[in-house]
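J.: Marked as phosphoserine by Swiss-Prot on the basis of sequence analysis: 102. Residues or ranges marked as Mg(2+) binding site in Swiss-Prot (evidence: sequence analysis): 102, 243, 245, 247. For 102, the entry in Swiss-Prot reads active site, phosphoserine intermediate, with the evidence type sequence analysis.
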């Protein structure tokens, strides 16, 4: 079973295939449990999942491994990833586990791990756990009288709803707003509509009937067309699209236009900067964020800090440099005044707060900058390392020279899927399209020749 298990966001893959098998899930439970046993107290784990069919298999395998390591497991059921991060702290647990493949289709699944502070594990801790997966950890498991127990915990949805509501001022009501929320048939199908309704909004909820197979299927933050249509149909003020585990959000304005993570960060950063709440003199995002965001922040004398892709790296940079707004273009928004990880619902509430404070529609509030022409294409690969091939290296170097200082080029393997992502941006859209197509063509030819 030797191999790399962890990617940019935990362990992820096709359910019941390496590395997302019941056996490996059990061993991850054992290794994680042994890694976080400190002190003589009873050790606790909170374990949540989204709505995939394979969640039952992975959940039970994880419980077996964690209990074998002497950990008591609190089962949360289907619940958003940020709720797991919050409940790790609230329930004084040693570890948090979320079983989800986020925005991926139902046939994938994954395991995300959180430390006792509610933050995703560092690369170093993941490497330590990974190193144990291929070893005989059974030698260090709990004695028969020290095994863990598993129990279902009631009221966790209400805890998270109250947490989300508290991120808005108590005096603020969403009364007068008609909101369409697309829950992607995922983990937030109960909590998101309820939280918005309790805050006073008129709520139209769609994709709230998970069946194990329809999570993210033509819905949610990666497929917002249905939400756009519904916003038009009911004449809503705003549409909110979450993904399968509700750690990312995409907004649709009253005209049906999409507002991505870059524009959401710009909106929140400007509002917090004006109120004196923005910390650290800037915002943290990744290499994928649009150059327009960087220029917009620069006009306010704010800095855009860039990290490699993955909200975990955004959070690590935020913590290291004292910033409280960060995120990704894809819609992972991290507001560290409230959360330790991306939280789609909480981020949407901050957008709604901007609407209520300023009394202006989303279409006006979200047009903070004109995006620089940007094109992203994915090339599916069967294996190997095409980026190390000489023709691909030459094509990339040529593209950088053609773009010069007027643009950016980002080429990277996906950390969650067998893809090479090719992104370019610059003020000349024809040049951007040309360099992306040239690189994609060379990678495809290299892949075919392999």
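Including glycine, each Cβ sits where the backbone N, Cα and C put it.
What's the neighbourhood like for each of these?
T.: DSSP assigns residue 102 (phosphoserine) to coil in the three-state reduction, placing it in neither a helix nor a strand. Just so you know, the Cβ of residue 102 (phosphoserine) picks up 30 other Cβ atoms within 10 Å once every protein chain is counted.
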J.: Non-local Cβ contacts of residue 243 (Mg(2+) binding site) (under 8 Å, 6 or more apart, same chain)?
T.: 102, 103, 184, 186, 216, 220, 221, 222, 249, 331, 344
J.: Taking the recorded Mg(2+) site as 102, 243, 245, 247, identify the other residues of that chain whose CB atom sits within 8 Å of the mean position of the site's CB atoms, giving them in sequence order.
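T.: Nearby residues not in the site list: 50, 80, 81, 100, 103, 186, 187, 242, 244, 246, 248, 342, 344.
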J.: Tell me, how many other CB atoms lie within 10 A of the CB of residue 247 (Mg(2+) binding site), whichever protein chain they belong to?
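T.: Result for residue 247 (Mg(2+) binding site): 34 neighbouring Cβ atoms inside 10 Å.
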